Amino acid sequence: MSAAPLYILGIDTSCDDTGVGIAQLGAGGVQVRANRIWTQAVHAQYGGVMPELASREHVERIDAVMADALEEAGLKVSDIGAVAATAGPGLVGALLVGLMYGKGLAQALDVPFFAAHHLEGHIFAAASEENLQAPYLALVVSGGHTHLFDVPEEGRYVLVGATRDDAAGEAFDKIARLAGLGYPGGPAIAEAALRGNPDAVPFKEPLQGQKAFEFSFSGLKTAALLAHKAGAAPEDLAASFQKAAVHVLVKTTRRAAETYGRRTVVVSGGVAANTALREAFAATDLHVVFPGKGLNTDNGAMIALAGAAALRAGRPPSPLAAGATAYAPLANG
Ligand code: KG4
Ligand code: ZN
């Protein structure tokens, strides 16, 4: 007789998306049963995320998003066997909403609670595709992060390299704005690039010849500004920038994989949705694992998957006193 599956509810309210997801952990491994996201439109008029408004909207929406997630999974709240919520990094007021909600829910249901790390969530989003087993490298490329970790064993994260300036997604967003391509910049650049010439604007490879595994995107941003002023077409700018960004992300990650002796690489975060990046990684000799559809950008299912991984690894639940932290490095080894 096989044991009944365990349902883990995951919550992410680290920024401007209210995300609730449900993962199922059973004999057949782990799978995503629901992933609901409420993207806050209120910030658009300000051109950036307003923290206080984000917190308030999380408070207003979280009940409905959770109800939607339960409905999508065909479950009742009493079926939930564990709860995980992002505790950091992120906007403290926004984080607190999901964290307190998760703790209250876990206490009411009398089930274990896990305070999750946002970046660990991004990495475990790839567990939707296959059973992640250390050792592997993890490249997290989002609007706020460009971090490359070595994961020599379950739960240990060694920082291999990070960006010196802008995050990869931030560079996509800024160059899209400069070229008048709209927001969010990643999908806008990717779409415009389909119509542009990737060799039209020559971008110099950032940090060329470095022995370390760092990233830098501010030089590409300046070069894009100069090309834009010189009259480069937005499509050509998009295609050329995307080619340069993809090249440096893949090249540095490959070099790190060789140095650290890893063959499996997880690529996650919003920029991992980029088709050109996916194709370039797929053309390498690495075994590359990307999150499934809808799991690249911020969401609750990735936090449920991180909770499932914590349960599987036998990690003890978090104390209900666990607080929210704006700055929380993942590296611990
Ligand atoms: O992971 P995420 O939702 O939020 C953070 O934690 O930052 O990532 C958002 C970032 C934005 O900068 C967005 O422009 C970028 O991911 N992004 C993309 C694509 N889709 C989203 N970048 C490149 N290509 C895409 N298709
Ligand atoms: Zn994120």
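Using the three backbone atoms N, Cα and C, a Cβ is placed for every residue, glycine included.
Per TrEMBL, the feature domain 'Gcp-like' maps to 32-304. Residues or ranges marked as Fe cation binding site in TrEMBL: H118, H122, D298. Annotation comment: TrEMBL describes V140, V141, S142, G143, G144, D173, G186, N274 as substrate binding site.
Positions of TrEMBL features highlighted on the structure.
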residue	record	Cβ contacts under 8 Å, 6 or more apart
H118	Fe cation binding site	D12, S14, T86, G88, P89, G90, D298, A328
H122	Fe cation binding site	V140, S142, H145, S268, G269, P291, M302
V141	substrate binding site	A167, A168, G169, L249, V267, S268, G269, G270, V271, A272, L277
G144	substrate binding site	C15, P89, A167, G169, E170
D173	substrate binding site	G143, Y183, P184, G185, G186
N274	substrate binding site	G186, A190, Q242, V246
Report summary line: The answer for which binding-site residues (V140, V141, S142, G186, N274, D298) have a CB under 6 A from ligand 2 is S142, D298
Report task. Could you name the residues, excluding H118, H122, D298, of the same chain that surround the Fe cation site, i.e. Cβ within 8 Å of the Cβ centre of those residues, in sequence order? Result -> D12, S14, T86, L119, G121, A125, S142, G269, N299, M302, I303
Query raised in the report: Among G143, G186, all listed as binding-site residues, which has the most CB atoms within 10 Å of its CB?
Result: G186
Query - Those binding-site residues in V140, D173, N274 whose CB falls under 6 A of ligand 1, listed in sequence order - result: D173, N274
**Report entry** Cα-Cα distance maximum in Å, computed over every pair in V140, V141, S142, G143, G144, D173, G186, N274 that the record assigns to substrate
**Finding:** 17
Requested in this report: Pop the mean pLDDT for the domain 'Gcp-like' (32-304) in here, whole number is fine.
Outcome: 97
